[in-house]
Each structure stands twice: as structure tokens, then as C-alpha cells.
Amino acid sequence: MTTISQKFIRNFSIIAHIDHGKSTLADRFIQLCGGLSEREMKAQVLDSMDIERERGITIKAQSVTLNFKSQDGHFYQLNFIDTPGHVDFSYEVSRSLAACEGALLVVDAAQGVEAQTVATCYTAIEQGLVVLPVLNKIDLPQADPERAIQEIEDVIGIEAHDAIRVSAKEGRGVKELLEQLVVAIPPPVGDPEAPLQALIIDSWFDSYLGVVSLVRVKAGTLRKGDKIRVMSTGKDYYADQIGHFTPKRQPLEELSAGAVGFVVAGIKDIFGAPVGDTLTHAKQSAGSPLPGFKQVKPQVFAGLFPINSEEYEPFREALAKLRLNDAALFYEPESSEALGFGFRCGFLGMLHMEIVQERLEREYNLELITTAPTVSYEILAKQGEMLYVDNPSHLPEPGKIGEIREPIAVANILVPPTYLGAVITLCVEKRGVQKKLLYLSNQVSMTYEIPLSEVVLDFFDRLKSASRGYASLDYSFNHFQAADLVKLDILISGQKVDALATIVHRDLAYTRGRELTERLKDLIPRQMFEVAIQAAIGAKIIARTSVKALRKNVTAKCYGGDITRKRKLLEKQKAGKKRMKQVGKVAIPQEAFLAVLRVKNE
């Protein structure tokens with residue numbers, strides 16, 4: 001296949017909220033440009049993971065190269081990079097945008113603009129991309145294109161009066177959209193003769209090939225068999241295979257400046273080609289690496305432990321392979337008295353955490369226990385040193401703490417006026433402080449400062465229920481703020497269970513302690529002796545309940561006779577139970593650890 005001239009290449013991605021029809025539009029592009037035969041087409045071609053197809057969301061960014069014949073008679077090479085729409089995967093979006101010159105802003109004509117789309121669109125504009133507004137789902141009876149155009153102009157602030165109207169489901173307007181795209185989005189720039197600079201947008205591990213990297217060539221030309229160098233590690237490899245996805249893997253002889261494609265260089269080390277790194281030639285290397293992506297900081301932390309302790313090694317390998325494919329996942333070894341050895345993992349949000357756990361269980365056949373998620377707290381010790389704690393059991397003694405500061409997030413919410421009251425009530429309940437309220441044409445834009453610990457747990461779900469699914473949310477960490485926080489310990493039979501400890505606000509500690517002990521009472525199986533469940537702040541017990549003992553009727557064999565005979569048997573039973581209580585261990589089921597998560601949802 002001959003290398004196409006740079007002026008006929010267009011690199012673009014699609015910005016859209018969940019359910020606005022992004023993956024369906026991608027399917028139409030592939031169909032129209034003949035990327036796959038009719039027999040090979042299936043709905044959501046690019047959502048390759050089972051989880052993506054089941055949940056109807058895009059998690060990983062995918063890339064496709066298509067050939068499009070325009071009305072002007074020229075063939076254009078369209079490199080399309082699909083992006084996720086959920087707030088937890090926003091870092092995937094910024095990586096995709098770094099490889100493009102333009103973006104299609106797809107808005108559902110019936111639903112209008114969502115908060116998430118606004119945030120991603122600003123990222124694209126900041127990176128200097130040309131943004132092309134597109135109205136999708138115009139075939140729906142409730143579609144209101146005029147209102148959607150007004151919202152794009154009011155909320156995002158870009159011209160949208162000539163936005164292209166399409167119905168991805170029916171294929172209407174898709175050809176016109178591609179024609180417009182070829183004209184509006186500029187071709188890539190970069191000298192094919194310069195020293196090679198290729199940005200790694202994504203990497204994944206293939207058990208046969210090793211590390212496969214998705215790259216955007218910014219300058220120079222990469223040929224098959226070239227000796228290439230990964231700039232951050234300084235290690236050299238040979239480019240065994242290069243090519244692009246149509247969406248099938250298609251080998252090529254070279255990728256020159258402006259192209260997007262994959263490289264297989266026989267890298268067996270999982271961390272051999274980190275995302276955001278630069279590839280260059282080993283002999284004529286580029287002077288400096290390309291600016292990568294800003295490192296994403298995990299927001300939610302939880303302990304993951306294998307149920308079977310023999311699975312610790314396979315679990316570690318699985319995490320390493322997943323980390324290659326998911327740059328935002330962070331992990332470090334951790335041991336718990338209750339759960340044994342495992343890892344403390346950092347995620348971007350609750351959906352990210354669920355997806356990671358589900359991928360580990362499905363793709364690597366592991367059985368895992370998750371502890372309650374927490375956020376990272378800033379602690380000023382009395383000696384003046386600053387600590388960051390993301391695990392409640394690592395919190396210093398109350399006497400050594402000068403001040404605990406919790407992370408505060410700025411949440412931007414877009415909601416129809418009808419549900420404004422319910423959403424404000426929810427924000428107040430979550431200890432939110434209103435910063436801004438703005439009435440737009442058909443929606444209200446609200447800005448709140450809410451503690452991150454409240455946002456990451458169940459705020460998104462609660463917001464959706466409060467607004468019947470109409471509200472949309474975008475949040476980002478802003479700063480740390482001093483708060484009256486305490487560590488809530490759970491004691492079972494007088495023993496602290498480290499995996500059940502949580503950090504809560506003092507005002508909520510009593511209610512939370514009572515709810516937790518009640519919930520655990522239902523989940524811990526009854527023993528031959530009474531099991532006390534207590535919630536404590538430091539040495540002070542704030543709630544207590546107990547699991548009653550199973551009772552064996554030892555006096556059943558006594559018919560009539562002396563009362564002292566019965567008393568003797570009862571005393572003997574009592575002494576046995578007391579002895580049992582001292583040595584007896586209580587097995588805590590997996591549901592009990594999850595109870596900590598669920599108390600908040602009710």
C-alpha cells in the first residue's frame with residue numbers, strides 16, 4: 001500500500017456524552033468507507049471488551065484508519081480515534097485528543113448538552129483542535145435541533161448554527177458529515193525527513209507479540225525493521241511489525257509524519273513502552289521527547305485481596321498487565337490482618353473501580369474481595385510534618401494529629417429547572433457549598449464545592465435518581481480543606497477489624513456507626529457464643545449490638561427431678577461458652593466488607 005500524501009490525512013476523534021450515539025456513528029463511518037465487509041459488521045464494532053458491550057459504554061480508546069473518496073475526487077485517509085464519555089475515563093479522552101487535529105462534538109438533538117461534554121470540549125479547544133458540532137438522533141420524535149444548537153452556543157460558546165444534522169442509526173447525513181470533516185479539519189503537520197518522533201497514545205499486552213503500542217507519528221518516518229529507542233528508558237528494539245487498524249490489523253511497510261498506527265517491537269517487559277512516551281530512531285535520535293500527558297492522580301483507593309491466598313502471584317501479574325493498558329490504575333502491596341496479602345489500588349472513580357475489578361475477575365479468572373473505598377487525606381501532624389493517608393488503618397493516633405484535611409472537588413452540574421430543588425437538597429446533604437448558579441435556555445448550570453469522599457461513593461447514582469436521569473455531572477479535585485474527621489473502628493468480639501475501618505465526619509459518626517453495627521449483625525453468622533459488634537472512635541464505644549448465641553437445650557433430658565440438677569447443667573454450659581468465647585474466632589463473610597459500601601447508599 002503506497003504512503004498517502006500528508007495533505008490528504010485527517011486525524012480526528014469524537015467528543016460525546018454516554019448514550020449520545022458515538023459508537024453507532026463510528027460504525028456508520030466504517031460501513032461507509034468499507035472498513036469491514038457487511039458480513040463482518042456488528043453493532044459497536046469498536047467496543048471490543050465484553051464489559052463495554054454489556055454496559056453500553058466505551059472504556060478504552062480505539063483507533064481506526066479509513067479511506068474515504070470525497071466529492072473532489074481525492075482519496076482521504078481518515079484516522080479516527082474513539083474516546084470514552086464517562087467522567088472516570090476522561091484521561092483516556094485527553095490522550096486521544098493529543099493525537100488529533102480536530103474533533104467532532106456529537107450532541108443528542110433530544111437531550112442537549114451534558115456537563116461531561118463541556119469539560120472534554122474545553123480540553124480539545126485548549127489543545128488547539130478544530131471542533132465541529134454535529135447533532136445526532138434527529139430521527140427521534142422528541143428531537144429539538146434548534147434548542148440543542150442554542151445550548152451548544154450558550155454553554156460551550158462555539159458557533160453551531162450550521163451544525164450538521166445526522167441520524168447515525170439510519171445513516172442519514174453521515175456522508176455529508178465526512179465531506180464537511182475533510183474540509184474543516186486541517187491536515188497534520190510534521191516533516192517526514194526529520195528525526196523520528198512518535199507519541200505512544202496507548203499500549204496493551206498481547207501474550208504472543210508482547211507489547212503492542214498505538215502511536216501517532218509527529219515527525220520523521222518509521223519503517224518496518226528500524227531500530228527504535230524508547231526515550232524514557234533508553235532501551236532499543238526492532239520494529240518487527242507496523243501497520244494500522246481498519247478495524248482489522250493491517251500490516252504496512254512504513255508510517256510517516258501525521259500517521260496513526262501500531263508498532264510491535266518484541267517488548268516483553270510490561271513497562272517497556274509507557275503511554276505518553278516518545279519513540280525515536282536509535283541512530284538518529286530526536287533531541288527531545290514530545291510533551292506527554294499529565295499524570296493522572298487516582299482519587300479513590302481500595303484494598304483488593306484474593307480470596308484464595310495462593311492466587312497472590314497471578315493477581316500481581318494480572319495487575320501489572322492491566323496497568324499497561326490502563327495508565328490511571330495505581331497499586332502497591334498491602335497486608336491486612338483480616339484478609340491477608342493483597343494490593344492497595346488507586347482508581348479515578350467508582351465506575352473505574354468496578355470495571356477494573358470486573359476485568360480482573362473475567363480476563364484473569366481471579367476471585368477478589370474489595371474493601372470500602374476511601375479518598376486520600378492530608379494530615380498535619382503535631383510535629384509539623386505533612387502526611388497523606390489513603391488507608392484508614394494507617395491514620396496516626398488522635399493525639400499525634402494536629403489537623404485532618406479532606407479533598408474538596410468542584411462539581412459542575414447541568415440540570416433541568418424542574419429537578420433543581422431535589423438536586424440542591426442532595427448537594428446540601430453531601431456537605432456541598434454552592435458557588436455559582438446560572439440559568440441557561442433550558443437548563444440550570446450549578447457549581448458546588450463538595451468533599452471528594454461524598455462525590456466518589458454514590459453521588460453520581462443519587463444525582464441521576466434525584467433528576468430522573470436528566471442531570472449530568474463533571475467534577476475535578478480542587479484543594480484540601482480542614483474538616484472535623486474521625487476514624488471509625490469496628491470491633492468484633494473486642495478485636496479491631498482493620499479492613500472495616502473508615503474515616504467519617506464527626507457529625508455523621510454516630511449514625512454511621514449504628515447503621516454499620518446493625519448491618520453487620522445481620523451478616524455475621526451466629527456462633528455457639530455471643531458475638532459483640534462495636535463501633536468506636538478511639539477508645540470511646542459509640543454503638544454496640546450483638547449476635548445472639550445459638551442455644552443448645554442441655555436440660556432437655558431432665559424430666560422432673562431436682563432443680564439443682566438443671567442448674568448444674570446450665571452452669572456447666574455457661575462455663576464452656578465463656579471458655580469458647582475467649583478462644584473462639586469469628587469468620588467474617590465477604591458480604592460484611594461490602595456492607596461498609598452499601599450503608600451509604602440507603
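Note that Cβ sites are derived from N, Cα and C of the backbone, with glycine treated the same way.
Features as listed in Swiss-Prot:
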type: DOMAIN; residues: 7-189; note: domain 'tr-type G'
type: BINDING; residues: Asp19, His20, Gly21, Lys22, Ser23, Thr24, Asn136, Lys137, Ile138, Asp139; note: GTP binding site
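Per-residue pLDDT, averaged along the domain 'tr-type G' (7-189), amounts to 72 for this model.
For the recorded site, Ser23 (GTP binding site), the DSSP three-state label reads helix. DSSP assigns Asn136 (GTP binding site) to a strand.
For the binding-site residues Ser23, Asn136, the greatest number of Cβ atoms within 10 Å around a candidate Cβ is found at Asn136.
Ile138 (GTP binding site): 20 other CB atoms within 10 A of its CB, across all protein chains.
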